[in-house]
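K.L.:
Supplied in structure tokens, the structure appears directly below.
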Amino acid sequence: MRANCSSSSACPANSSEEELPVGLEVHGNLELVFTVVTAVMMGLLMFSLGCSVEFRKLWSHIRRPWGIAVGLLCQFGLMPLTAYLLAISFSLKPAQAVAVLVMGCCPGGTISNIFTFWVDGDMDLSITMTTCSTVAALGMMPLCLYLYTLSWNLEQNLTIPYQNIGITLVCLTIPVAFGVYVNYRWPKQSKIILKIGAIVGGVLLLVVAVAGVVLAKGSWNSDITLLTISFIFPLIGHVTGFLLALLTHQSWQRCRTISLETGAQNIQMCVTMLQLSFTAKQLVQMLSFPLAYGLFQLLDGFLIVAAYKMYKRRLKNEHRKKNTRCEEGCHNKKSTSPKETGAFLEVNEEVTITSGPSMPMDLHTTLEPTGHISSGT
């Protein structure tokens, strides 16, 4: 392992003496588009999402980092192991296997924060996890890559993009800090900013997806095996992250958050590391994987959000029907006085709010179908 090179001549992937293959010219344009769009997206998104963060809750996650610890275990425990097992199981070529492993060792991406907001997840935990995983990547990325490549006997040294990690941290923490401050000083205005940011974030995600499909249509790897891995890898991350959070007795809100954080990787960091570490000819076999992973990652996120919205609407309809039947039953009881009826409804409401830890009620409380019951984390 070594730090990223300061000059283009020092890195084989950036050598000016080596002629780039035709396919990489498209990747150069694609990288430029992704860099600009990602910078804008991270700034606007993290500022707007920071407006949903309360400093008190953020500090509670830092003081009791149980949720953060579970998330880091998923990020740098489950994902690198999954990447290694997939590379071995599908008997990938060495260059392709390294690309899959590098993706698994990358920290969480910002895309998870916007998806967490759309599924009513724990935004304080989501942003804290993204920040902590990016900081931990300074040491965990080289450690995981070293451990899992011991048996591969790589001739090429892998370059950790420390500069890229630092830029990611700056683009993440500064906008969030401003958002937290706005939420503290102007809570009403912060809600408006949050709604606008969610819409802008969705539009930017679609732009990234469309740009990736259009600009890279001629550079897709014809290897169906690599495309299959790029499809199932984020799904495995989402499922295993949710199950581990569930096994560690996290709330349903935190389970959704950790699941999305686990499956969402920092695509740009993976591409940067591959470009710093390998030659142009090797990159032809590699760069299609992080691109495909990023697109399938977006697709999976939208599907998860759509499934959650449908489930939430169904719970809301069921809750509305129960309230309607309750009101009709109370009106039909003529022997019951208005005062007694009001007391009965008040007791029922109190019982609903203070219900025990049974799973159906916990799920119903966490989803907050009516917007009046807040979930406990």
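Cβ coordinates come from backbone N, Cα and C, glycine included.
Just so you know, TrEMBL annotations are computer predictions that nobody has curated.
Per TrEMBL, the features are:
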type: REGION; residues: 355-377; note: region 'Disordered'
type: TRANSMEM; residues: 32-55; note: transmembrane segment
type: TRANSMEM; residues: 67-92; note: transmembrane segment
type: TRANSMEM; residues: 98-118; note: transmembrane segment
type: TRANSMEM; residues: 125-148; note: transmembrane segment
type: TRANSMEM; residues: 160-184; note: transmembrane segment
type: TRANSMEM; residues: 196-218; note: transmembrane segment
type: TRANSMEM; residues: 224-247; note: transmembrane segment
type: TRANSMEM; residues: 290-311; note: transmembrane segment
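What's the neighbourhood like for each of these?
P.N.:
Remote same-chain residues near the transmembrane segment (125-148) are listed as 1, 46, 49-50, 53, 58, 61-62, 67-68, 71-72, 75-76, 80, 83-84, 101-102, 104-110, 112-113, 116-117, 158, 160, 162, 165, 168-169, 172-173, 176, 254, 257-258, 260-261, 266, 269, 377 (criterion: CB distance under 8 Å, separation of at least six residues from the stretch ends).
Beyond the ends of the transmembrane segment (160-184), by six or more residues, the same chain brings 1-4, 39, 42-55, 58, 107, 110, 127, 130-131, 134-135, 137-138, 141-142, 190, 193, 266, 268-269, 272-273, 276 to within a C-beta distance below 8 angstroms of the stretch.
Long-range contacts of the transmembrane segment (224-247) within the same chain: residues 70-71, 73-74, 78-79, 82-83, 86, 90, 92, 96, 100, 103-104, 254-256, 258-265, 288-289, 292-293, 296-297, 300, 304, each at least 6 residues beyond the stretch ends and with a Cβ under 8 Å from a Cβ of the stretch.
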K.L.:
For the transmembrane segment (67-92), find every same-chain residue at least 6 residues outside the stretch whose CB is under 8 Å from a CB in it, and list them.
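P.N.:
Here the qualifying positions are 61, 100-101, 103-105, 107-108, 122, 125, 128-129, 132-133, 136, 140, 144, 148, 225-226, 228-229, 232-233, 236-237, 240-241, 244-245, 248, 250, 254, 257-258, 261-262, 265, 377.
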